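Okay, so here's the structure we're looking at.
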Amino acid sequence: MSKRTAADARPSLVTLRPRQTNAASENLLGEGSRPRNPLSRAQIETVLSRSVAGISVIFALQSMPTVLQQYDEHQAVGAAAMAIALGLAIAFVVVATVCKVWVRVSTSIVAVFYLIAIAVWPVAIGHVPVDVSDKPWLWYLCTVATSCAAIGFRLRWAAIYTVVAPVAYGVVRMHPSGGGADLLLASLDVLYAVLLGQVVLIIITMLRTASSNVDLAQSNALTQYLYSVRQHATEVERVEVDSIVHDSVLATLLSAAGARTDKGAELAATMAANAVARLLEASTARPDDEALVPFARLCERLRHEVAASPVPFSFVDRSEPRFTLPEQVSEALFAAALQAMVNSVQHAGGTESRVSRALALTASAADGCRVEIADSGVGFDASLVPEERLGLRVSIQERVASVGGFVCVRTNVGQGTIITLSWPRPAEQLPIEVEAAAGFPSLGLQDDPPPPAVQNDPAQPAVSGDAS
């Protein structure tokens, strides 16, 4: 365990913020911006529909010379009306895709209008013979119709349409009004149109499926993430409730049960009042992680607790004067240090065993802050502490770990104990480490010249709690 101090540190305003540890995830329960989704089904639909609209305009413009030429040759008003209707339908698709409204309706209208145009083509043209080399201008819009069907229809109906529409065109192509082409030439046109329509449908379907899978995966990930955050918040609340019950309520009940004198009853009453105050504080909102408080305030609070302790504690303050830290970290370190003091008072051997005790605080910009509680008492074997004992595990270890700190326990049977509370915790550091002490601690107790002990104030109540 490090023995570095900050006695020669430069006086400056130091502001440390907690690392992204378990405590940081508590902020995730609040309102925050949802992650930006670069790929989603809605965005893919927009891209596909606008692409089809653009291609439709290109093919419509490509067919315009043929429409005008065939109108001059046949003077078919019906064919001209069909061309105008399909042109307006394509314009409707463009407007709908730009405004993102009625996209399926507009594309479905184009597909339906095309089939109607194919069906009435022989009637609109009449029995005027057409040269076999002149394809009806409907040929240039066949791909437009199948692409619009892929956007507007369900997959099954779109697949059927990509076959039905080209076949219908092939029938018209063999009709005298369509040029009277032979079966082979008409079949080649039909095969080309079917293949092109199927390729467009496959591409659209693949993109839709991929984007839907991405959306589903992200939704599942967010659901699992929110569940994990809720579980973490529940665990944090459990740790805090366990700490409050152990530090105040349980200690008060044990003290009241063991009170045999007026002084003991008065002490139990004082502890009960303190327990009620802590429960009331716990019912309020937790401090904001971003609120910063001076480290000197933590020092002053611990100095007050040392003065109120039933046994003497040496108090050592080696912190930088203007060091600051998050309020939630300050509260956790204070509660954990107080519990460590209680453990020392109740389990290190008591005043009759001439046990020396000390509390040291260190804070610097380079190393963060550290609170050390040491005694030259009987020590203990950490591996033998029962799981149901909450003092070391919950009130100290989990409380400090929840705010991004770590705990180091150096102890051995008959060798005293040093509990070090440090913040922040390096990335590779475990939340707690236990070392076997090779000798009595020298935190201002044995080897070092001891600083003056802070004497007890008879007017202050003793430190309450149950070391476990």
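Positions of Cβ are set from backbone N, Cα and C atoms, glycine also.
Values in this document were obtained by computation on a predicted structure and should not be read as measured data.
The annotation domain 'Histidine kinase/HSP90-like ATPase' is assigned in TrEMBL to 331-425.
The region 'Disordered' feature in TrEMBL is assigned to 439-468.
The transmembrane segment annotation in TrEMBL covers 47-64 (among others). Away from its own ends, the transmembrane segment (47-64) comes close to residues 86-87, 90, 93-94, 96-98, 103, 107, 110, 137, 140-141, 143-144, 147-148, 150-151, 204, 207-208 of its chain (Cβ-Cβ under 8 Å, at least six residues beyond either end).
Under the heading transmembrane segment, TrEMBL lists 76-98 (among others). Non-local neighbours of the transmembrane segment (76-98) in the same chain are 46, 49-50, 52-53, 56-57, 60, 67, 70, 105-107, 109-110, 113-114, 116-117, 120-121, 123-126, 128, 137, 141, 144, 148; each lies 6+ residues outside the stretch with a CB under 8 Å from one of its CB atoms.
Look at TrEMBL and you will find 105-125 (among others) tagged as transmembrane segment.
For 183-207 (among others), the entry in TrEMBL reads transmembrane segment. With a threshold of 8 Å between CB atoms, the same-chain residues lying at least 6 positions outside the transmembrane segment (183-207) that come near it are 44, 48, 132, 135, 139, 142-143, 146-147, 149-151, 155, 158-159, 161-163, 165-167, 169-171, 173-174.
The average pLDDT for the domain 'Histidine kinase/HSP90-like ATPase' (331-425) in the predicted structure is 80.
For the domain 'Histidine kinase/HSP90-like ATPase' (331-425), residue counts in helix, strand and coil come to 35 helix, 29 strand, 31 coil, using DSSP.
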